Amino acid sequence: MPTINQLVSQGRKKKVWKTSSPALSLVYNSLNKKQTEIPAPFKRGVCTRVATMTPKKPNSALRKYARVKLSNGFEVTAYIPGEGHNIQEHSVVLIRGGRVKDLPGVRYTIVRGTQDAAGVANRNQSRSRYGTKKPKPKS
C-alpha cells in the first residue's frame, strides 16, 4: 500500500495492454512508406508455404498451417482449420485472430469459405466456422 506522498509524486500507473494478434492492427501506406495503427478484424494475404506441424506434448497429430504474407507486409503463421483443404502456395486467403493452443507461434486462423480457401466438405455442424453452405433437404 503506497503512502500519500508516494501517490502524489508518482501516481498510479495504467496497466499496459498488449494485443494478442499484432499483425491485424497495422496498415501499410505504400505512398509514404509508413505503417499506421488501424485495427481490423481480418487481413488478406498470399500463402508462401503450406505444411504440417506436430503439436506440443500430450497431443499428437499433424496440424496443417500456412505461412501468409499479409497486405501490410507482415509474414505470419496461420492455422488451417477443418478436415482437408485446397490451399496451395500463392493462394489468396483471409486470416483472423485466434491462436492454436498446442502449436507454438501460431496466432492466426485462416477463414474457410472465402477467397481461395474452400469450405469444408460434408460438414453439418458448426458450418459457419468452416465456410460450408447449408445442405439441400432430402425430399
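Just so it is clear, glycine is given a Cβ too, placed from its N, Cα and C backbone atoms.
So that you can see what the record holds, here are the features copied from Swiss-Prot:
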type	residues	note
REGION	118-139	region 'Disordered'
COMPBIAS	130-139	compositional bias 'Basic residues'
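Packing against the compositional bias 'Basic residues' (130-139) from elsewhere in the chain are residues 81-82, 111-114, 117-121, 123-124: each is 6 or more residues past its ends and has a CB under 8 Å from a CB in it.
The helix, strand and coil residue counts that DSSP assigns across the compositional bias 'Basic residues' (130-139) are 1 helix, 0 strand, 9 coil.
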